[in-house]
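Copied over from Swiss-Prot:
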type	residues	note
ACT_SITE	Lys37	active site
BINDING	Glu12, Val13, Gly14, Lys15, Thr16, Val17, Asp51, Glu112, Gly113, Ala114, Gly115	ATP binding site
BINDING	Thr16, Asp51, Glu112	Mg(2+) binding site
BINDING	Ser41	substrate binding site
Amino acid sequence: MSGFFITATDTEVGKTVVAGALAGVFRELGYNIGVYKPLQSGHVASNPEGDAARLKVLSGVPTKEDEICPYSIEEPLAPRLAMKRAGRAVTLKDIIHHYNERLKEFNSLFVEGAGGLAVPYTEDALVIDFAKELQLPLIVVARPTLGTVNHTVLTIAYAKAHGLTVAGVILSGCKECEMERVQENKVMIEELSGVPVLGLLPFFEGEFTKKEVLESAKEYIMISKLEEFIRNESTVAHTSSN
């Protein structure tokens, strides 16, 4: 298996934009990359305002929204609670099954979780349990502002305590007027966690286009560093299969 698991320090931090943008950039580079977000609350998968639709647009994958996100519900709650209130039972086995189905189409998948790693996810698992099953390197998306050092370092420590590899951090929503503080936060996160901050993605105000997002990702995220992970994972997978 290869790809990345995109998680965050909180909800509404920018995971979907980062996941979609990275997938779109890698697809432009010629990689057969897909996107997968198994559970979504707040919108049904087909809603153009929802994460599944945004992932499809930004990544440029041919996959239908309800295949990108097989389980979605309108109520904006933690996925486990939202599904329970809707009378739907979704297990870890279910979402892994759909993950394997997507791998029949793509060589690698960029998987987006929900909120942070300790979010109640399926009826029998937290987000981190799903990440542990996949064993993909993590990309942690975080806010660039006050409080982010604590939230980010704790997220990384939690991931490492569960045996997961953290490829890097991306600070999302960076404003030019705050860049001095953002840079200070970047340095502190790297010093305290031992994990590199691979990008400072700008704040997108109002409506934005796919082109704007992908160009920003190319300019502000260390794509070459992430590409090394994809190549290394592919090499390991090829070696293991021989």
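Residue numbering: from 1, along the chain as shown.
Cβ coordinates are placed from backbone N, Cα and C, and glycine is handled just like the others.
Keep in mind it's a predicted model, so treat the numbers as computed, not measured.
Shown on the structure are the features that Swiss-Prot records.
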residue : record                 : contacts (Cβ under 8 Å, 6+ apart)
Glu12   : ATP binding site       : none
Gly14   : ATP binding site       : Ala8, Val141, Ile170, Ser172, Gly173, Leu201
Thr16   : ATP binding site       : Lys37, Asp51, Arg54, Leu55, Leu58, Glu112
Ser41   : substrate binding site : Ser72, Ile73, Glu74, Glu75, Pro76, Leu77, Ala78, Pro79, Ala82, Met83, Ala114
Gly113  : ATP binding site       : Phe5, Ile6, Thr7, Ala8, Lys15, Lys37, Val119, Tyr121, Val127, Phe130, Ala131
Gly115  : ATP binding site       : Ala8, Asp10, Thr11, Ala78, Val127
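Annotation note: Asp51 (ATP binding site) sits in a helical segment as assigned by DSSP. DSSP classifies Glu12 (ATP binding site) as coil under the three-state reduction.
Annotation note: the residue listed as 'substrate binding site' sits in a strand segment as assigned by DSSP. In the three-state DSSP reading, Gly115 (ATP binding site) counts as coil. Compute the center of the Cβ atoms of Thr16, Asp51, Glu112, which mark the site for Mg(2+); besides them, the chain residues with Cβ within 8 Å of that center are Ile6, Lys15, Val17, Ala19, Gly20, Lys37, Gln40, Ala52, Arg54, Leu55.
Cβ neighbour count for Glu112 (Mg(2+) binding site): 29 (other Cβ atoms within 10 Å of its Cβ, all protein chains included). Summarising the ATP site geometry, the residues cited as binding it (Glu12, Val13, Gly14, Lys15, Thr16, Val17, Asp51, Glu112, Gly113, Ala114, Gly115) extend over a maximum Cα to Cα distance of 14 Å. Counting Cβ atoms from all protein chains shown, Asp51 (ATP binding site) has 27 others lying within 10 Å of its own Cβ.
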